[in-house]
Amino acid sequence: MLEYLETIFPSEALAILAFSFIPLTIILIYALFAIWLERKVSAHMQGRLGPMRVGGWHGWAQTIADLLKMIQKEDIVPANADRFLFKMAPFIAFAASYGAFVAIPLSSEFLGSHFDVGIFYIIAITSILSLSIIMAGWASNNKWSLLGAMRTAAQTVSYEVPVIATILSVITVTGTLNLMEVTELQSGNAFLGFLPNWMIFHSPFMVIAFVLFFIAMLAEAHRVPFDLPESESELVGGYQTEYSGMRWGIFMLTEYADMLLLSLVAATLFFGGWNSPFGSFMDGPVWGAFWMLLKGMIFVFIMMWLRWTLPRLRVDQLMNLCWKYLIPLSFVNLVLIALWEMIF
Amino acid sequence: MKTTEEIYNILVEQFGEEGLELRPDEVVAPVIVVAPENIQKVAKYLRDGEDLLFDYMMCLSGVHYQKEEQLAVTYHLNSTSLKHKVILKVIMPQDDARVPTVEQVWKTADWHEREAFDMFGIQFEGHPDHRRILCPDDWEGHPLRKDYKVQEFYRGMKVEY
Amino acid sequence: MTTVKQKAPEVSLSPPVEAGNGLKTQEMVVNMGPQHPSTHGVLRVELTLDGEIVVAAKPHIGYLHRCFEKHSEEMNDYTKVIPYVDRMDYVAAMNNEHGFAVAMERMMDIQVNDRVEYIRIIMAELQRIASHLLALGTFGLDIGAFTPFLHCFIHREKILDIFEKASGARLLYNYIWVGGLMNDVPPDFKKDTHEFVKYFRPQIKELNDLLSYNKIFVDRTANVGVLPGKVAINYGVSGPSLRGSGVKWDLRRDDPYSIYDRFDFDVIVGDGSMGTLGDCWDRYMVRVWEMEESLKIIEQALDQMPDEGDVHESLPKKIRPPAGEIYDRTETPRGELGYYIISDKKSSPYRIKARAPSFVNLSVVPAISIGAMVADMVAIIGSVDIVLGEVDR
């Protein structure tokens with residue numbers, strides 16, 4: 001992809017710039033679609049219809065209308081807030097989320113940077129998200145935001161451990177941190193002749209690893225049942241309380257980008273990435289991008305489904321779940337997968 | 001189940017006739033009038049006494065009798081085990097309305113007495129948190145009195161709509 | 001309008017505590033409300049927090065005080081008090097009116113005919129179901145479950161449709177008058193109510209499957225805000241909050257009014273099966289099962305209801321009660337609603353005091369929330385089920 005762009009643009013720097021806009025475009029269009037999808041999914045689950053009028057067919061332009069409204073809003077900074085931190089926080093949050101997309105292979109031809117520490121880099125850079133949330137909570141000069149920010153910091157930092165442990169379980173099998181190589185290892189049909197060669201079919205413990213990864217991923221993405229950071233009915237909005245207009249819009253964008261990021265990571269590690277489930281049928285660079293995004297959207301849909309079904313956990317129950325259940329289970333699972341790998 | 005007359009007789013036996021008065025002909029139910037200084041010990045005896053067991057206070061209200069220039073506090077009590085009710089009244093002159101609190105006997109009285117103070121200006125001696133409950137803390141006057149005139153300005157805002 | 005500079009109120013906190021390494025910790029005072037998504041109205045709770053644990057909770061009320069007691073003294077007519085009484089507990093308006101009508105009829109010694117009584121009972125019990133649906137839905141919403149709230153409102157709409165056909169209004173009816181009703185029910189009232197009862201029974205099971213026994217919900221509400229029975233009685237708590245603590249006290253059984261003694265129903269009491277007796281889950285479950293009991297009463301009333309009778313038969317030409325006072329109480333979805341009415345033979349009351357159940361139930365919140373976390377405060381206030389219109393009147 002980069003080589004093709006280099007033939008169009010006069011200088012290499014411009015080509016790289018254009019190349020880096022592609023994930024940004026994908027994130028923006030996805031966010032427009034995902035917010036509409038969330039409203040529709042929630043509406044149909046609750047027995048109502050959701051957006052129906054804006055744009056004609058089932059209100060598909062609703063998010064665009066909301067975006068236009070948000071851009072026009074007054075930029076309010078609270079009186080005694082720390083102005084610099086207050087303004088920087090949303091952008092740092094989005095930068096952290098967006099920066100992780102460089103290591104995700106969207107198809108066999110598209111990878112931002114072929115470095116060998118792919119997944120490790122993703123985990124590292126998404127930790128900056130918790131830093132920006134603390135910045136937002138502190139700079140708002142509001143006790144409720146501070147409470148929300150502190151809870152979030154505790155939650156995000158704790159749940160990184162099960163995420164890393166479950167990712168390690170996959171890495172013990174693949175032997176490489178580079179996500180492109182992980183995806184290439186999952187091509188072709190090897191199991192029972194017809195099942196694709198995806199990590200999740202590798203051993204029954206992989207299924208457990210995936211379930212643990214999904215739960216920890218929900219907590220990292222601040223989705224229900226772990227959405228204390230922005231629990232609407234308790235803290236009014238947590239760290240986002242004092243943000244309005246486009247600044248809040250950027251926080252929302254970050255949340256959806258985070259959801260997509262983690263879904264794509266799950267798809268890459270466990271479900272074969274850009275490989276087609278039918279082997280060589282419907283396979284190729286463009287089809288690869290299609291399969292990748294489809295798998296990502298399926299996980300995003302499951303996250304939305306859970307949000308409108310389950311109530312929310314309290315802080316101490318959340319920490320309990322992480323430290324007393326998920327972490328021991330994921331480490332035991334890691335050992336079991338390593339043993340399985342050795343034996344078979 | 002005891003009638004008000006029987007309860008009155010038990011109280012007279014315990015505390016003597018002074019400070020207690022029975023009004024048997026009130027519409028709808030008879031009332032026992034208690035002197036302000038006796039209300040606390042009468043209340044405690046009503047709650048703990050063997051045949052009485054009035055553990056549930058239904059209501060505590062202030063009343064302003066403008067013609068007689070008196071303020072009164074009415075206590076409606078009920079027993080969840082013996083299923084009888086009694087009505088007590090404490091009557092005070094309207095310029096010097098002080099009565100001891102019964103908050104230690106029934107915690108229900110806590111907020112009800114604050115409301116009676118807020119609306120009528122009755123002072124409840126010994127109440128742990130004696131301040132207004134429904135009106136703002138710096139409101140002037142006691143609204144439910146019959147001679148209440150609403151204040152003209154409150155913190156710079158004109159009150160009359 | 002001039003802006004008035006106000007001094008920050010004096011707050012007394014315990015002195016900072018040494019936490020080692022030269023750091024100090026101190027308690028924090030936070031305001032929950034008056035604008036807050038979960039306080040069910042304009043209620044301000046002043047929380048003193050030690051980290052996440054609540055050390056003290058002080059409710060401040062009066063933001064919705066409309067002084068209906070003073071207004072009703074100025075009205076020239078007792079019938080004009082009925083719309084005021086509606087607006088106290090705006091979620092369960094039929095029960096407020098029923099209580100007022102019962103008190104006035106006892107004071108004036110009016111007997112209403114059977115048809116009026118049965119219609120009043122059916123309306124009161126339907127209103128009880130509607131009010132409990134709102135309470136359960138918003139409680140789930142506070143805990144974080146968004147969907148049961150909307151499902152409960154779909155069922156509530158059906159009840160409000162029945163009310164709209166009968167009285168013309170969805171929420172504040174002015175329907176139950178002293179001595180009778182405003183007008184008779186429409187001809188398809190019995191059919192509509194039968195249909196609703198048949199439709200609603202399986203919905204209670206669906207609500208239980210979705211929310212009541214959900215592990216996360218149980219973890220959030222069991223062992224939270226435990227209210228012992230004796231403390232509840234001393235504080236004057238009534239209604240499902242009292243029954244959730246194991247005390248079997250229901251005014252429809254223990255101090256019957258209207259024709260409740262003709263019906264066969266159970267009084268639901270909490271049993272502490274998911275945690276401690278008297279916790280939030282018990283109070284929640286009492287409301288769920290009470291809806292089932294209300295359905296039983298409605299069915300029996302529909303069967304026994306006479307088809308003939310004039311609802312305007314006993315309406316007095318002019319309401320002039322004899323001089324005297326009365327205190328009478330009824331069981332609303334929130335507890336014991338009492339009216340203390342003093343009359344001096346004029347056409348407007350001398351004094352009306354409404355003893356609102358939410359006013360008394362709210363006073364128990366400071367006692368049961370010590371040691372809870374901030375997230376539990378929301379659960380506790382939601383389980384006590386207050387409506388600020390009643391608290392402030």
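Note that Cβ sites are derived from N, Cα and C of the backbone, with glycine treated the same way.
Keep in mind that TrEMBL annotations are predicted by a computer and have not been checked by a curator.
Fair warning: this is a prediction, and the values are worked out from it, not measured in the lab.
The feature transmembrane segment is assigned by TrEMBL to A:13-37 (among others).
Taken from TrEMBL, the feature transmembrane segment applies to A:84-106 (among others).
Residues 78, 81-83, 85-86, 88-90, 92-93, 95-97, 99-100, 102-104, 146-150, 152-153, 156-157, 160, 163-164, 167, 171, 177-180, 182, 220, 229, 238-243, 251, 254, 258, 261, 265, 269 of the same chain lie 6+ residues outside the transmembrane segment (A:118-140) yet bring a C-beta within less than 8 angstroms of a C-beta in it. Annotation source TrEMBL lists transmembrane segment at A:118-140 (among others).
Residues or ranges marked as transmembrane segment by TrEMBL: A:161-180 (among others).
Feature annotation from TrEMBL assigns transmembrane segment to A:200-219 (among others).
Summarising the annotation, TrEMBL assigns transmembrane segment to A:256-274 (among others). Among residues of the same chain six or more beyond the transmembrane segment (A:256-274), those with a C-beta under 8 A of the stretch's C-beta atoms are 27, 30-31, 34-35, 94, 97-98, 100-101, 104-108, 119, 122, 126, 129, 167, 170, 179, 182-183, 186-187, 196-200, 206, 209-210, 213-214, 217, 220-223, 287-289, 291-292, 295-300, 303.
Look at TrEMBL and you will find A:286-306 (among others) tagged as transmembrane segment.
Using a Cβ-Cβ cut-off under 8 Å and counting only residues 6 or more beyond its ends in the same chain, the transmembrane segment (A:318-340) has close neighbours at 154-155, 158-159, 161-162, 165-166, 168-169, 172-173, 203, 205-206, 208-209, 212, 215-216, 219, 226, 228. Annotated transmembrane segment per TrEMBL: A:318-340 (among others), in sequence order.
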Distal contacts, the transmembrane segment (A:13-37) - CB-CB under 8 A, six or more residues away: 1-2, 5-6, 51, 59-60, 62-64, 66-67, 98, 101-102, 106, 110, 112, 252-253, 256-257, 259-260, 293, 300-301, 304
